[in-house]
């Protein structure tokens, strides 16, 4: 039985690509806890995947969103203002890197990929937060998704590690800026999980095996694990929490060495 932690709240969910997306898992649990949701999709191709998911859980609002296009962002928030007037939480769930550079050496990263990765994976949080702030009339919660590769070198993660490091720093600065309006900003650092995005990382299966073997709980995380953490951060249970990187990784981040040498 759900407890209705988000009953009466409205939330914008970005980053859904298909039914394997972490954003989708978060949306499902948020809906179960009583939230009214608004989905976005990145392109017409993804619209065909996202619309059926929205219909599945009774999400009545869905919009195209290209975070590299200021007009697209403005159109979205104008629509939200018209339909909802205000809302309570935002999930920033998008990230991007050229999959051809998610292997080999980081030093080979192209300027174009560096720019695009930082823009879509990090700067978009700033832009969406700035727009959301004007519509979070009673305070609110902004949550983004990060990964341990922001802190430590993970083979093949490359430019995404740098983008996630910038994202985590942005969380702290945004939390400081927006706290005066009772808007909290946090990140969930999830362990590796099979998604459309992670499939682009070279040798991802090895990453999964290593994580499960090393983590104290001796398993990989599930989408539901991340969904539960997000609902907590969206809800009033976390009303005193902001600027935090919340780990959902079965304890992997606490380990210094997986075995004695």
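Start at 1 and count along the chain as shown; that gives each residue its number.
Backbone N, Cα and C atoms are what each Cβ position is placed from, and that goes for glycine too.
The active site, proton acceptor feature in Swiss-Prot is assigned to 147 (among others); the stated evidence is similarity to another entry. All protein chains included, residue 147 (active site, proton acceptor) registers 24 other Cβ atoms within 10 Å of its own Cβ.
Per Swiss-Prot, active site, proton acceptor is recorded for 157 (among others).
Under the heading NAD(+) binding site, Swiss-Prot lists 15, 21, 22, 42, 66, 67, 94, 164, 193, 194, 195, 196, 197, citing similarity to another entry as support. The C-beta environment of residue 193 (NAD(+) binding site), restricted to residues of the same chain at least 6 apart in sequence and closer than 8 Å, consists of 22, 220, 221, 222, 223, 226.
Counting every protein chain shown, the number of other Cβ atoms lying within 10 Å of the Cβ of residue 97 (substrate binding site) is 25. Summarising the annotation, Swiss-Prot assigns substrate binding site to 97.
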Per DSSP, three-state class assigned to residue 22 (NAD(+) binding site): helix
Residue 66 (NAD(+) binding site) to residue 147 (active site, proton acceptor) - Cα separation in whole Å: 23
Spatial neighbour of residue 97 (substrate binding site) that is closest, considering only the recorded positions 15, 147, 157 and their CA atoms: 157
Whole-number Å value for how far residue 94 (NAD(+) binding site) lies from residue 147 (active site, proton acceptor) (Cα to Cα): 13
Alpha-carbon distance [residue 157 (active site, proton acceptor); residue 15 (NAD(+) binding site)] in Å: 19
